Amino acid sequence: MQAKKRYLISLLTGAFLVLLIYLGGGGVPGPAAPGSRSRTHGYNRPDQPWPHFSDPLQHFSPWDHSDTEDYNVHISPRQKRDVNSSVYKGKRCRMQSCFDFSLCQRNGFKVYVYPQQKGEKISESYQNILSTIEGSRFYTSDPGQACVFVLSLDTLDRDQLSPQYVHNLKTKVQSLALWNNGRNHLIFNLYSGTWPDYTEDLGFDIGQAMLAKASISTENFRPNFDISIPLFSKEHPRTGGDRGYLKYNTIPPFRKYMLVFKGKRYLTGIGSDTRNALYHVHNAEDVVLLTTCKHGKDWQKHKDARCDKDNAEYDKYDYREMLHNSTFCLVPRGRRLGSFRFLEALQAACVPVMLSNGWELPFSEVIDWNTAAVIGDERLLLQIPSTVRSIHQDKILALRQQTQFLWEAYFSSVEKIVLTTLEIIQDRVLQQSSRSSVMWNSHPGGLFSLPQYSSYLGDLPFFYAKLGIKPSPKFTAVIHAVTPLVSQSQPILKLIVSVARSQYCAQIIVLWNCDKPLPAKQRWPATAVPIIVIEGENKVMSSRFQPYESLISDAVLSLDEDTVLSTTEVDFAFTVWQSFPERIVGYPARSHFWDNNKERWGYTSKWTNDYSMVLTGAAIYHRYYHFLYTHFLPSSLKSMVDQLANCEDILMNFLVSAVTKLPPVKVTQKKQYKETMMGQSSRASRWADPDHFAQRQTCMNKFASWFGGMPLVHSQMRLDPVLFKDQVSILRKKYREIERL
């Protein structure tokens, strides 16, 4: 009897345990997956979200079983790992392990673009990228000379629901003869993944290729291998682009609004958590965060109690007006980590407040975003208003100014985004001559600071003030000679004597671009400074701006052979240049204007109240611009100058103004600077040719087209000696001869 009771009790106990496990076993945690990462450590990192706890309780609102679309579905960690492993099989790729440096050592940093395949569609944005590369100094049409390869297959939009999606890309890429598992290849991408989770799935194995990708996460980003680029719209200009909207600084730097945002709310799904919580910090006064539920075709099926109020308030405000009148602009994540709001805020000089955990910010390898943005945390949304209010006005002003620099240097056009990407890769390849962080984050930026010239900041005129360096105490005169020496009274000989008497002259270089042989050494005047005669190889106009090794001084006095300048005028121009070492300083001024009737740019030599160019027939500038002219400008523009034997001075002014964003500096009232006795048969008489002036009009528009806009800046300033024309004794004046001219 006792045994039967024991058996019965054991049986009931076992049945009860089985029933308990069956009914409640779903809540018992199982062993961790082998590939899962512990979150015990590093819980304060902003790029890791809070742990996700599933709610076993029933929802307060009844579930509508008629909804066939599950907006809150989330793929499992295993599925996410599978997706990432299929896309990032080269997860551990770095330049040292997945890049062949030997391809770059043979021919330098050259980029090859695959020929476009017949029948393949290419989006306008991707065509802009390819056109930029093909028009850059990095491009080569010979794959045997290439260091980096770019696909002609459109990889920008890899959302399977997009009409721009290219099908069968995996097969097409693998069939490329030069693919080599993606080694030394660069892939551009703006959109990846699709509804509902928008994973970073490109739909094909990138192998060992580098990714230039928008909205890339820090989890998938391969440091010093991939490049994070900004998300830009198809309307983003290919070249040029509008300048930043900051016209002047206000002190204190506060605007009408402290913090603004206007955008979609995303009722459900990825990206909705933060945007659904914005109403908690919205006060409709200085913090205006507006969202609308009107997104997608079925938004009304998922609207909540706040939607009607949010939609009504959303329509009351103009987005552009908010953008231009706010101190800070909130940039929360969307469906993907990046959004168009980022570039819009930069251009508007509205300091971005980043609220997108885990986003690798654009060009983070070289740009210090702490100097231009506020990096927030989605989990600390309620602290954002108090955080931005605590920022001192000096810091706000510095942040605002840096947004304008970064926008104009790297983001205002597709061309700048692409060239910045290529320059970053080039710095990795040529580490011995790479740019410093100061070059990337200071005016004029990395695109205009070529490390092939020098990686030392003190060799570039833009950093003299920052480093406390004084400009060069001497100059080198470069005289462009195009007519033979037939008389000892020719203007070039008088010019050499006059320049050589300057106390600041280190040497004189005569660039012999004449068809006649070089004159004998004794034909040149005896001077206290050395005279170096260089015979141009091709005898073309662009040769006057070659970075000759003989240029030992930073300052270059550029002169035409028929220029008439006294020693006093040379001295005064040089002393003025020492105060403006990054600009062109000189005598002959010209201007540009917009012709409304012809709808084109015009060139004028009329004496007006302003000017935008100082011609290089009598001007001083830094020798670095010789290097930029030769190595930065495309061969198409230089070939045009050489064929016309004209416009080289205009092109140099375009280049310097594009770099500095400043006008040149004219000195003294002198307007005529040419020798009138030059023979009409000489090549110098081209100034009297009516076609010469017409050609310069054509050049203006050709140059403006390549620069993507008009870089020239007008000025109404002219610098004269302090006592110029003053009613004092002539003996008290330092540059007394200038008044007699």
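Just so it is clear, glycine is given a Cβ too, placed from its N, Cα and C backbone atoms.
Summed and averaged per residue, pLDDT over the topological domain 'Cytoplasmic' (1-7) gives 58. Feature annotation from Swiss-Prot assigns topological domain 'Cytoplasmic' to 1-7.
Among the features that Swiss-Prot reports, topological domain 'Lumenal' is placed at 29-741.
Marked as N-linked glycosylation site by Swiss-Prot: Asn84 (among others).
Secondary structure at Asn325 (N-linked glycosylation site), as computed by DSSP, is coil. Counting only same-chain residues at least 6 apart in sequence, those with a Cβ under 8 Å from the Cβ of Asn325 (N-linked glycosylation site) are Arg255, Lys256, Tyr257. Here Swiss-Prot flags Asn325 (among others) as N-linked glycosylation site, drawing on sequence analysis.
In this structure, Asp562 (Mn(2+) binding site) belongs to neither helix nor strand by DSSP; it is coil. Using a 10 Å radius centred on the Cβ of Asp562 (Mn(2+) binding site) and all shown protein chains, the other Cβ atoms total 25. According to Swiss-Prot, the feature Mn(2+) binding site maps to Asp562.
Within its own chain, Cys699 (disulfide bond) has Tyr603, Met640, Val641, Leu644, Asn646, Cys647, Ile650, Leu651 as residues 6 or more apart in sequence whose C-beta sits under 8 angstroms from its own. Feature annotation from Swiss-Prot assigns disulfide bond to Cys647-Cys699.
Residue environment of Asp649 (active site) contains 25 other Cβ atoms, counted within 10 Å of its Cβ in all protein chains. Asp649 (active site) falls within a helix when secondary structure is assigned with DSSP. Taken from Swiss-Prot, the feature active site applies to Asp649, supported by similarity to another entry.
For the pair Asp562 (Mn(2+) binding site) and Asp649 (active site), the C-alpha distance works out to 15 angstrom. Taken residue by residue with DSSP, Cys699 (disulfide bond) is part of a helix.
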